[in-house]
Amino acid sequence: MRVWIIFLLCLAGQAFAASIVSVSPCMCVRVMPEGGANPVQVETGEFDEAIEIIEEDVNAENPCLNHHCKKGKVCEVDEENTPMCVCQDPTSCPASVGEFEHVCATDNTTYDSSCHFFAHKCSLEGTKKGHKLHLDYIGPCKFIEPCLDAELNEFPLRMRDWLKNVLVTLYERDEENNLLTEKQKLRVKKIYENEKRLQAGDHSLDLLAHDFEKNYNMYIFPVHWQFGQLDQHPIDGFLSHTELAPLRAPLIPMEHCTTRFFEQCDSDSDKYIALEEWAKCFGIKDQDVDKDLVI
């Protein structure tokens, strides 16, 4: 069974940003029975831009039943009753219920929903503008304050502690091995049972920095684990903009250093964040970067 988590703030958001006092209705835990051994994943359904799955078992009466198109496209049949994916008409998207369904794109335009955004993006397919257009963050476009250098240095302090507490929360709730694999549970168990572990809470930055220095080993696996949850399409040891979206899109409206932080992680500016770059962003030493920890 695979468990999809739209956004992990549902589990331990208070450990990441004390300023976050509420979570929108779309940011909740959803459990879906699905084959596969991969454990907890960040929900990517709202952000998939390049995934298109076509099943070969075609229903003779309705060929589109088993023909799945990527976001922004819908299935239609041609004159020979062959299914094909075409751009969706934005007017066919369900009307948004509230602002929490709105999304802001990298063109600084607010779209009623992710459905409306991807339909528009599809209409630009093959153009330079369409290639550069991505979903930026959840919610209407708004002014995002510039991230100062001092604030940027604070960001990984909270992020590391948050990831650690997310894993601990999953471990506490994992009664039937649906949230973590056995190997992952063994690693988290060592953190969970460590008497020196800093409990979740609203801690000062000085305390978070001190804890990272004194209990460094507790943070190595959580940082690797999060990379593994994002590196899915494809699993290649690199994070693309689309793979990062499920984590960064809900964060940006609440943490104004999010974009700059991930841009800085891409130290070679190739538009992809390698595991080594990701680990370095969170203060993990080169000798402790281990590809086996992301599995």
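Backbone N, Cα and C define each Cβ position, glycine as well.
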*What residue among C64, C257, C265 is stated in TrEMBL to be the disulfide partner of C147?*
C257
*Pick from C69, C75, C85, C87: which cysteine does TrEMBL list as forming a disulfide with C122?*
C87
_Disulphide pairing with C115 per TrEMBL - partner from C93, C141_ = C93
*Per-region confidence, the domain 'Kazal-like' (86-143) (mean pLDDT, whole number)*: 94
*What is the number of residues in the domain 'Kazal-like' (86-143) that are helix, strand and coil, as DSSP sees it?*
21 helix, 11 strand, 26 coil
_Within a 10 Å radius around the Cβ, which one of these disulfide-bonded residues has the most neighbouring Cβ atoms: C104, C141, C281?_
C104
*Rounded to the nearest Å - Cα separation of C75 (disulfide bond) and C85 (disulfide bond)*: 5
*What is the number of other Cβ atoms found within 10 Å of the Cβ of C122 (disulfide bond)?*
21
*Select the closest residue to C257 (disulfide bond) from the following disulfide-bonded residues, measuring between CA atoms: C64, C69, C115, C122, C265.*
C265
